[in-house]
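According to TrEMBL, the protein carries these features:
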COMPBIAS  8-44  compositional bias 'Polar residues'
DOMAIN    447-556  domain 'TMC'
REGION    1-55  region 'Disordered'
TRANSMEM  133-160  transmembrane segment
TRANSMEM  189-208  transmembrane segment
TRANSMEM  229-250  transmembrane segment
TRANSMEM  326-347  transmembrane segment
TRANSMEM  359-379  transmembrane segment
TRANSMEM  399-421  transmembrane segment
TRANSMEM  459-476  transmembrane segment
TRANSMEM  513-538  transmembrane segment
TRANSMEM  559-582  transmembrane segment
TRANSMEM  618-644  transmembrane segment
Amino acid sequence: MASELHSQHTGNSYPSDQQSLRLRQDSSPVSNQNYPQFNWSSSPAEDEVDNSGPPRDLRSIPLPMSLKRAVWQVQQMQVPVVSKVESWKWKKTKSLHKLKDRTRGFLYFITLWGKTLQKIGGNFGGGVQSYFLFLRFLVVLNFLSFLLLAGFVLIPSIVFRSVGTSLQNSTGPEECMNYNPNPEGLVVFYHYFLDFLSGTGFMEYSYLFYGFYNNTIVEDRSFSYNIPLAYLFTAVFYFAFCLICIIARMGTAARVAVATGGSAVGNYSKIVFIGWDYGCLGDQATKLKQKNLHYRLQVDLEEERLRKQAAALTLGAKILLYSLRVFMFFVALGLIFAAFYGIFEATNFSQSRTGEEGILGLIFEYLPSIVITAGNFVVPMLCDQIALVERYSPSTTVILALLRAVFLRLVSLGVLLFTLWRQITCEGDTNSQDCKQCQYNNKLYPCWETRVGQEMYRLTLFDLLITIAVLILVEFPRRMVVDNSSNMLTQWVGRQEFVVPSNILGLVYGQTVVWTGALFCPLLPFINTIKFVILFYCKKITLFYNCRPALKTFRSTTSTFFFLVVLLFGWGLALVVMIYSLAEIRPSMGCGPFRFFPSMWSIVPTSFYRLSQVTQEFLFFIGSQAFSIPLFTLSCVVMCYFIALASVYGNSVALLRSQIKLEGRDKQFLVKQIEKLKQLEMPKQ
């Protein structure tokens, strides 16, 4: 295998060891006649066939920079004698390279917050920078999702609202179709502000929520558009689009993690020898890059120190440490379940006080959001103190804090949804007194989809308001007190650190809320885009003006992949909510585009049988075994090919890493031999 690798190395247009030695000897001023000869009149195809000679790429040849520059100038002046076809290929390749370079430069120029992210990475390390990169990814994802929803649902609903025909539900009970959220008579001005915060009143009967959309169907000789069908399929494609974006970014993060090798041997050499960016222009960019490399080396040294400490523990110390970790695990679990119980009781109390008006009614409506936010703030803070006792490595501490926080936040959202489900469906018993007539609790929820959308809207808005309030009322005053006071207590407390795990979980929680409420509040991705943009600048301000660099840093390459895995968990929770809402719960009879269907998914078979016979047969064929079995077989073959390819690449990487280890040991042995020889020569002198 080593011989094969050596043959590949020498056959890929790289000079061998003897050639490199000859080139070094020929670079002396005594004789330079044996420098590599560049035959610029030869075609690229001939160069590929004849691999025995030196390569044409100047960057891969060990020559002085002045000689490379002279050869490049000669290359630019000489015109190769080639055919028209080869000349056209050469010009096309050169044009494509120029276009690629210009495209990269343009994309770097228009990249959202590119310079700001570079500044953050230089001053606070890659761990903090990974949070802002993750936030930028969510901003772009939400904006593209809004364009998808607006293009297929919002704009057609506005255009066809007065043109198309709306089907009337004449089969259901009259009591189930009573839904009128518009206030009657004059409304006090401050009520508009309360309605904006709670999503009721004029906000409830707007394009923001599900209940305002009609079951409009536009039919013409050459054009037809079904708003309910478009609403359903757009929601499904929205989830599929988000999944594709997450998986694509996970692939990129995984490649970076594998390429860097995590904590493998040789990471220091990578940082020292190939970590510098030679495209840095100016003193500021250079200093930022130096700081970034400093933080990366600090992370590696910190983890290596903790690894050596763990290896030096005795058996009794290990048993004590593991026992302490198990005990702290149950303590953290008890805190999390206590938060779940508080959310459950707060949601029940809030829904029982639905009829309240004014400020008190607003407080009752926001009570679940307040309890969820308080639990998400207090419990992770206590878990962080528990993590100090557990004594894990920085990267493991980040991942463990993320696991605890994601369990708290996502399951707390699940508790809220479960409580709403109990009240909407009468605890799953549609034959009970409150749900028997309409198959859902029409007295409390005449349009239950809008009520769920309002809860998600309030959670999103309240999260943003809390972030702004904490910035103004807590973080700025803390920084001013610490900077202007010489008290020992304030100096011991110091400026706050930017805690990446809790901030990442805030983003995952906010995005999960949006995914959960997108079916019931189609404009929620747009609201979340604005929220995340504001959040970016708020976090940037608090990072540069109120925070100090973290005393304990962590590796950003592996953590970035884990952030996306956590985000995928949130997507899975929202997907379960959407599937259950589409298939099981009876849609509201007085609002929404599915008011006359027994379930939201029922529109799919109804619309399917309206298609032409040829289209039906084609779709039946796609769903049949004659199509699915060959497709599954082909997918398995392709998957096996890529798995085998990944295995081969993994073995090659492992072999190369083992060779690097052996070379390092050989060099250490040689250094020791040299030291011994020096020690033997010293007495003779």
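Including glycine, each Cβ sits where the backbone N, Cα and C put it.
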* To do: Using a Cβ-Cβ cut-off of under 8 Å, list the residues of the same chain that are 6+ residues beyond the ends of the transmembrane segment (189-208) and lie near it.
  => 154, 157-158, 181-183, 358-359, 361-362, 365-366, 450, 453-454, 457-458, 461, 521-523
* Asked: How many of the residues that make up the domain 'TMC' (447-556) does DSSP mark as helix, as strand and as coil?
  -> 85 helix, 4 strand, 21 coil
* May I ask you to check whether the transmembrane segment (399-421) and the transmembrane segment (229-250) make contact, with contact taken as at least three Cβ pairs under 8 Å and only pairs 6 or more apart in sequence counted? => no
* Averaged over the whole of the domain 'TMC' (447-556), what is the pLDDT? -> 85
* Recorded stretches the transmembrane segment (229-250) and the transmembrane segment (359-379) touching, at least 3 CB pairs under 8 Å -> no
* Asked: So, do the transmembrane segment (326-347) and the transmembrane segment (133-160) meet, by the test of 3 or more Cβ pairs under 8 Å (sequence gap 6 or more)?
  -> no
* When you scan the chain for residues with a C-beta under 8 Å from the transmembrane segment (359-379), skipping those not six or more beyond its ends, what do you find? -> 194, 197-198, 200, 335-336, 339, 342-343, 346-347, 349-350, 353, 405, 408-409, 412-413, 416, 455, 458-459, 462-463, 466, 505-506, 509
* Structure fact -> Near the transmembrane segment (133-160) in space but 6 or more residues beyond its ends, with Cβ under 8 Å, are 112-113, 117, 207, 213-214, 216, 218, 225, 227, 230-231, 233-234, 237-238, 241-242, 245, 249, 504, 507, 511, 514, 518, 522-523, 525-526, 528-529, 532-533, 535-536, 539, 560, 563
